[in-house]
Amino acid sequence: QRLETGRLALYLLGLRATCPLPDPSPQRFLVTWLKYYLEKDWTGSRRHGHPLTSYYQYSLGVLALCVHRKRVREEVIQRLLVAERHGQFGHMGGSAVGKGPQGPTRTHWGGHEAPRVTQGVPADTEAVAALAFACLEREQLGRARLAAELQAAVRRTRARFVAVQNGDGFIGNVFSTPLAMQVFIATNTCKTQPAYSRAMAALLRRLDAFTSAAAMAQALPALHGRSYLDIASMQCREELDTLMPLIPKLLPMGPGNVTVRLVVECPAPPCPQHLLYDHPVPAPAGASLLDLLRAAPAQGPRNFTFETQDTPQGPFLTSVLGLAARPQERRYWQLLSGLDTSLQMGVADYRPEDGETVILRLSKW
């Protein structure tokens, strides 16, 4: 059975934020499923040393339960506290192996901002875990003696965010910065912490980077000075019905054509041959990377094949030339430019320029 810990957690957070109808029955049913997923997810730690999904998804699950003011078992809380104390969320410096909801900077997991729900990168994971800790302390959903441990974990996370803030003001990078900012907002330290002001200024300079609905949804709370914890204290009777349908506008194709060099790499193991594909691909100007993959010609007797999976963050690249990403082996398809830099958009959003090199690399996180 495929676990959906993170997806269900995000759904429950969204459900609470939309002020659902007074009948709590549907919510209780979903909360019960989330508790089940959290227990099932943790069985992976006995074999792999980490949840079957990721600490990012696991932290989202704990946060969603807390926002719904559901008591969380102490053992569940301790699992995250132990992971935080032992640095099991990942390193905060340098670039990630190989977007992404997916090193300290946001990388791309199979072609969209990831993880967002799929894995999450360490900066995101630390932020979501810290938000869960802050929520548990605020709502007093754990035993009283845990309060000091929760406070200490949040303080350590804030200190790490300050220490790793880039010269451009980002904490990780543009995509991981909003969640990191939420930690300062949730703990009422945003007005006294210069790192928060620098992060906000950096975020405002790069709003054009948020092209998908999921990425924009993650940035909006921080831009409005809110955190996910505010959902728990919303007064729904005071909320105005201001939701309006948004009809997306497709970006037009530009005039002329471009030629992009497409490279597919697979290190050994599992591939004896490192370079699997290297071919120029012509496409209309303004075409997305996804369009480019569809137009990629055969190389020798072998056709160029790939598979994607639809997710809330857009198409997720799951297989290239018959080689599938395997989450259980912590392998994913990494998207890079020719300068070995992780792309900051997914396959449906990124639009390569003429003469650019794009690399698809089977990597391990």
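Just so you know, glycine gets a Cβ as well, placed from its N, Cα and C.
What TrEMBL says about a protein is an automatic prediction, not a curated fact.
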Bond partner of CYS135 - disulfide, per TrEMBL - picked from CYS66, CYS190: CYS66
Candidate with sparsest Cβ neighbourhood (10 Å radius) among THR53, GLN57, ASN173, the listed binding-site residues: ASN173
Inter-residue C-alpha distance, GLN57 (cyanocob(III)alamin binding site) and CYS135 (disulfide bond) (nearest angstrom): 16
Cβ neighbour count within 10 Å of TRP333 (cyanocob(III)alamin binding site): 26
Cyanocob(III)alamin binding residues THR53, SER54, TYR55, TYR56, GLN57, ASP124, ASN173, GLN218, TRP333, GLN334, LEU335, LEU343, TRP365: largest Cα-Cα distance, in Å and rounded to whole number: 23
TYR55 (cyanocob(III)alamin binding site), number of other Cβ atoms within 10 Å: 26
